[in-house]
């Protein structure tokens, strides 16, 4: 059973748990300083299988690391949720609530696939309506640009998917930096791009190649020749992925 810190236990009785992952619980709660606004509270619960001292140390370290990443990116003009408050001892991060759809859901809406994932990868007969193409391209190019700014800041997300990019007033905001790390390595950034590429293939199979082309168009417009090594490494990562698929 998950034991919540006292302040979060009070919130959880009246507010909503909106997401639950392997490492954290995410709540929508009242903003601590602006009562008329909501914010997001991310909580890393205790792991009963760890030694308590080690668990507390890891939770504090990861909470502080995520907060530092958010602060670094905000200062670097990358669109991410603004930090509101952190309680590293209890594994809590309060941050801005981004109002809008995930890019995944937005694409499904644009495709007319409200159930999500209903299209099959082999169904090539379904083309995008003319009016949607411009909107899809413009938005995915913007997403690629935001990823480019992320990597130029030497931050690797660790779980780049269309679920972890929100659209606020049509502009992308990258969320969920629980697996993020600082890295200057082209290999790490290439793996980040590969994860996004595979996510697009999985959740938007019919037009995945076109969507990825637009993402990379935006990415390269930001990083330019400075990240040419990243794209070369991406091809290496793809080849390793194909080999693993063949070997099962």
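In case you wondered, yes, glycine gets a Cβ from its N, Cα and C as well.
Copied over from Swiss-Prot:
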DOMAIN    12-248  domain 'Protein kinase'
BINDING   18, 19, 20, 21, 22, 23, 24, 25, 26, 42  ATP binding site
REGION    113-132  region 'Disordered'
ACT_SITE  159  active site, proton acceptor
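For the domain 'Protein kinase' (12-248), the mean pLDDT of the prediction comes to 88. Cα spacing between residue 24 (ATP binding site) and residue 159 (active site, proton acceptor): 14 Å, rounded to the nearest whole number. Cα of the residue listed as 'active site, proton acceptor' to Cα of residue 22 (ATP binding site): a span of 13 Å. The binding residues for ATP are recorded as 18, 19, 20, 21, 22, 23, 24, 25, 26, 42; their greatest pairwise CA distance is 14 Å. Sequence-distant contacts of residue 22 (ATP binding site), defined by Cβ-Cβ distance under 8 angstroms and a gap of at least six in the same chain, do not exist. Secondary structure at the residue listed as 'active site, proton acceptor', taken from DSSP and collapsed to helix, strand or coil, is coil.
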